[in-house]
Amino acid sequence: MQQSTHKSRSLTHMMTNDANSDETDLEIIVGTYEDYVVGYQVESIVKNTQEAPRKKLKNGHVGQSSEKLSAQKKTKQTSASIELLDLEQSFAVRCHSGMVRCLAASSSGRLVFSAGNDEMMNLFNLNKRKLLQTSEGSVSCAQFVGKSHLICGLDDGDIHIYECKGSNMILAKTLKGHTAGVVSMDAHPSGKVLLSVSKDHTVRTWNLIKGRCAYVTQIKAESQLVKWSRTGSEFLIAANNEIYLYNNSGNLRQRIKLGKRVNSIEFITNDIFAVAIDSGRLEFFNMSLDECSSVMTLEAHGTRIKSIKCLNDPDGDSGNSDDDNETTPKQKSTKTTTATNIRFATAASDGTIKVWSITRLRDTLKDPRELVMVDSGARITCMIVSKRIMSRSE
């Protein structure tokens, strides 16, 4: 694999903020068909006031004179105590010569990875807005595990594990077994086990400690998604418009059929997961019930939802660790009797990104509210959320 580092190439000219600005808690990052990776900071403007002035929003694509990527923003007032949110564009970089296929962010939010149809991979330092390395690779999916390990699924069926040291991605291990392209994978919250699904109609369970395949399961339908629960006690596999719910022993618990193809799955609590489908609808399911069933439907977009990501964790730490040390996922929390606010972001193929608020009370969800929307002006292919801490000294 050929590699070329670009340590001196800076992306700060594509920012709205200087790299030494105040710390940023949340940044929504999207990949597009138009070769761009674009970031938006989630900013809270006003809290707990009766009348809040609208913030004048900036338009235009920062660093590029591209009409396709001009941002058209709207803010909305929410609840009795008003809070205004803004999605402020933070950077935009044309880092591929083809569609951006996947994105990944490290647990610290410092590193961001992108892969595109041009068979190129990029590693960025998000805090410094700097491109660290560009490498060749036909990557279909990627995920960071711990502080510094990056796992990539390839079109040839291999899975590469990289160690990110300093400004370099170093190939540490290649997992072989799939006979066709890897389409999705997800690491267990402990960081010790990886599930991968492939076009070869198999699900493979990998022991990441030993670096080898532990189990192979044949599946009839070609699957497009695999997702662990936050506790690691269940996992989901999506095949076209169906979802299969398994316990962590690999036993099928339930089969769920939806009307359209499943594009994204996200756990918004330890027990409740959201499913984004082609029609633009979100369906929320609760696994803690005797039979996993829908507890809410939300018409979120008028077109295909490409991704959904949770912005907060109402159940606390889900068991992921910033360290590479052994961790134990927390067990399911007891059912809360108080209302809990959950926020999540959705991105649609028409270029719109929305942030939502929803209230959980016991086993139910209610009061979905759109907090803010931005139109990126591009066709979105993927989305991640970086929860990062950026100090002034960086």
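Positions of Cβ are set from backbone N, Cα and C atoms, glycine also.
Here the structure is a predicted model, which means the values were calculated and not measured.
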Feature region 'Disordered' in TrEMBL, mapped to one of the ranges 51-74, 243-266:
51-74
Local confidence of the prediction over the repeat 'WD' (93-134), expressed as mean pLDDT:
95
Provide the three-state DSSP residue tally for the repeat 'WD' (175-216): helix first, then strand, then coil.
0 helix, 24 strand, 18 coil
